[in-house]
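Student: Quick paste from TrEMBL:
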TRANSMEM  A:12-36  transmembrane segment
TRANSMEM  A:56-77  transmembrane segment
TRANSMEM  A:89-107  transmembrane segment
TRANSMEM  A:138-157  transmembrane segment
TRANSMEM  A:186-207  transmembrane segment
TRANSMEM  A:219-247  transmembrane segment
TRANSMEM  A:254-274  transmembrane segment
Amino acid sequence: MLQQAFDGLVSGAFYALLALGLAVIFGMLGVVNFAHGAFYMLGAFGAYVLLDHWGVSFWIALPVVPVVLGVVGVAVERLLVRRLAALDPLYNFLLTFGIALVLQDLVKREYGVQSQPYPRPSALSGSVNLGLFSYPSYRVFVLGVAVVACLVVWYALSRTRAGMIVRAATERPELTRALGIDVGRWVTPVFGAGIALAGLAGVLAAPMRAVNPLMGSDLIIAVFAVVVIGGLGSIFGSVVSGFAVGVLTAVTNFYLPSLSQTLVFILMVVVLLWRPAGLFGREEGVA
Amino acid sequence: MILRRLAARPVLLAAGLLVALALPWLIYPPVAMDMVCWALFAVAVDLLLGFTGLLSFGHAAFWGSSAYLTGLIALHSGLPFPVAVLGGALAAAVLAVPIGWLSVRRTGIYFAMVTLAFAQLVYFVANQWRGLTGGENGLQGIPRDFFGVDLSDPFFFYYAGLPIAVLGLWFAWRVVRSPFGRVLVAVRDNPARARALGYPVDRYKLLAFVLSAGLSGLAGGLFTMGHGFVSLEEVYWTTSGQVVMMVVLGGIGTLWGGVLGAVLIVELGDYLSTAGFEETGIVTGTVFALTVLVFRRGIWGTAAWLTAGRRERAADGATVPVGERENGEPVRA
């Protein structure tokens, strides 16, 4: 039971990383990035291709793949997303949906739908004793990386000058501009950072989840529900509800396995009834 | 100018009906049936997207649940196929009441995400309820009963199914042209003012949602009858995305644009799979992204814009009615 809950924390770590990236992008651009799941998938495939074609190890892929995907994200923002920035955010939602389809089927064409194997890094192949039970050390590592990534994002946003500007530009873009800050310049790196977070989640997923072209698309819809639960645009809410949904799903899987896949959507319904803006969200119109 | 446009309408209608009647001679009849079903589906989605300003990314839930129920009715009851299709459509409309009631609490992008999540919920239920839906195997061998008439030939079934779809299209047109439809447009363009004028905005949205879902169900049921089987794909999110693609390609808020979008996307998919190209998403995704980037009026919208008089064009401003911003103003492209 306790081990189930720990499993839940680990899968919650993936929800949290993806939801965090979505929340950061949404806060700054007002765009819900449908392609987020596709970038997560590309992160896993990036690690796989590096190892399979060039023998590059997990430890190098872990920082390199997210950075490369972050650059791809910057290009996507500059070339495509920006063109629709002045319009209703729904257009960018549709655009990123198209991008997701293209990315997913491109990978499918190259590698097929079957899952690709990716070995656990040898240093983390054992298990660690957590006192009450022993646990695969790779999963402990995933949890650690996710928590550190969330803390870094929190620190960067709340304690650095760049984070201050980003928060100001998110809340009051006109006023920030009036204070002499070029808001547009900050949009691109924030988008890139959000994509890099998705890529990081993807690399982390490669050794423990099936690496296939469809791995992102089902996950991203669950993450949408997570984000609705936490309150869209709330960075704290997205992380907390990511971990919470992970744990609750794992515990449900223990007692009522048939309900585990649908639980996140049922939670979303409950939250919509109780607090339409999400647990940590503000009323519509502000966000 | 106005006279010419009035004269153009019956001509267009007659031409459309003629093409619809000639279609199974021109192309492979099952593909023709697919086009008709997707056309009705796209029009149903445009009823909600173009005329109420709500982008649902979860209409596969209604298309798919009707597909399953139509299949089950036909499999187990032996009733004539239009009854099964109507039963499916009704079920989709009933399912839309709770989903719509919860979803219309949010607007814009939130609405899209919430409906998408609901559709995924329906997908998982369909996947797990194997006893009823057959899980990953789906429902197979669905008969087409119609008072003993043999409709096993897709060519003849096309003509049996077409009237149902045409009735559905006519119904959508009636809704849009009715006083109710005008209120929907008001709700889309300025919800605050519509509310101030005394219209219960959320109830109008919910009714539009249910009508749209019912028509989607009609299309999904017909699709099931055309294929003789139901697969899980009918409730999967790709189906929801596909129909939105058709609407945007045809032109949001044009109603008939969805028909054009459906015909083009179905034809494209059929062409690609005949050529042995399985990853249709590469092509359809690119077409869709380009449409959103540079061709937001869509095919029908562009045609209407080009044929409209200069004065009308200036007055109309060629709005592309999608959603509402926080301040409630419509967004112009």
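Cβ atoms here come from the backbone N, Cα and C positions, even for glycine.
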Student: Taking the transmembrane segment (A:12-36) as the reference, which of A:89-107, A:138-157, A:186-207 gives the largest number of Cβ pairs under 8 angstroms?
Tutor: A:186-207
Student: Find the member of A:56-77, A:89-107, A:138-157, A:219-247 that has more C-beta pairs under 8 Å to the transmembrane segment (A:186-207) than any other listed stretch.
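Tutor: Comparing A:56-77, A:89-107, A:138-157, A:219-247: A:56-77 has the most Cβ pairs near the transmembrane segment (A:186-207).
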Student: Among A:56-77, A:89-107, A:138-157, A:219-247, point out the range having the most Cβ pairs under 8 angstroms from the transmembrane segment (A:254-274).
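Tutor: Comparing A:56-77, A:89-107, A:138-157, A:219-247 against the transmembrane segment (A:254-274), the winner is A:219-247.
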